[in-house]
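K.L.:
First the structure, then my questions, so here it is.
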């Protein structure tokens with residue numbers, strides 16, 4: 001009995017049954033700016049704006065339209081226009097096919113007639129998922145036709161820009177779209193119609209140097225990258241350090257290139273108010 005007190009007790013370790021639950025892909029999203037882990041449903045409810053730091057995630061064209069126009073009012077224009085391979089580059093067609101499959105779009109821009117809080121407008125939305133929304137012949141043609149439709153129907157034109165610039169696979173033909181879209185906007189202005197340009201992240205290259213900069217009212221989303229060449233390219237060229245926030249929406253507003261910075265949750269309301277003022281002025 002006494003020896004039993006000094007004997008080492010024998011224990012059986014029982015491992016609890018634990019089922020490792022796999023979290024379905026896409027339930028949580030990490031903020032690119034602050035690193036916060038966000039519940040995707042909550043992020044979507046907040047217009048894809050980070051609830052902690054206000055970072056604006058990029059949107060697809062379909063998401064942008066759903067957030068901006070009245071439900072069921074969007075009627076797409078020129079959906080059948082498809083890009084071709086003018087210089088027979090070996091990889092271009094496969095890149096187009098891949099972009100169509102991954103985005104559900106035929107090109108990097110959606111155009112259509114819609115209503116915003118009941119106010120009619122022609123709406124253009126670029127989608128950076130499609131080859132960084134580079135501007136080729138079809139993108140330029142669709143934007144030109146949208147401007148012409150706005151002029152013919154005496155409706156305001158709203159363009160949401162997002163682009164990496166001209167589409168290099170279409171060479172000089174892509175650069176010609178800069179002049180083409182600008183000419184169409186000039187004709188729209190002659191008709192006395194309002195053109196609102198909304199700059200989203202990123203708006204660069206030939207798009208920033210053409211139609212995106214020509215709005216009667218230029219709006220930008222917070223933190224959007226806006227400029228012709230990227231900051232790194234400029235720094236390497238001039239061999240100087242650029243100011244903090246250079247080419248961001250806030251910097252451009254301070255220097256007069258942007259009229260308004262509008263957070264995404266207030267975008268529809270702001271556009272409706274501007275359309276209302278314009279229509280009152282026409283009466």
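Heads up, the Cβ atoms here are built off N, Cα and C, so glycines get one too.
Given the structure is predicted, the values throughout are model-derived calculations rather than measurements.
In case it helps, Swiss-Prot gives these features for our protein:
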type: DOMAIN; residues: 27-283; note: domain 'CoA carboxyltransferase N-terminal'
type: ZN_FING; residues: 31-53; note: zinc finger
type: BINDING; residues: 31, 34, 50, 53; note: Zn(2+) binding site
K.L.:
When you measure from the Cβ of residue 50 (Zn(2+) binding site), how many other Cβ atoms are you left with inside 10 Å?
P.N.:
20
K.L.:
Pick from 31, 34: which of these binding-site residues has the biggest number of other Cβ atoms within 10 Å of its Cβ?
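P.N.:
Ranked by Cβ atoms within 10 Å, first place goes to 31.
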K.L.:
Write out how many residues of the zinc finger (31-53) are helix, how many strand and how many coil, based on DSSP.
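P.N.:
Tallied per class, the zinc finger (31-53) gives 6 helix, 4 strand, 13 coil.
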K.L.:
Could you tally the C-beta atoms, other than its own, that fall within 10 angstroms of the C-beta of residue 53 (Zn(2+) binding site)?
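P.N.:
Cβ-Cβ neighbours of residue 53 (Zn(2+) binding site) within 10 Å number 13.
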K.L.:
Within 8 Å of the centroid of the Cβ atoms of 31, 34, 50, 53, which other residues of that chain place their own Cβ, given that this set defines the recorded Zn(2+) site?
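P.N.:
Here the non-site neighbours turn out to be 32, 33, 35, 36, 38, 51, 52, 54, 55.
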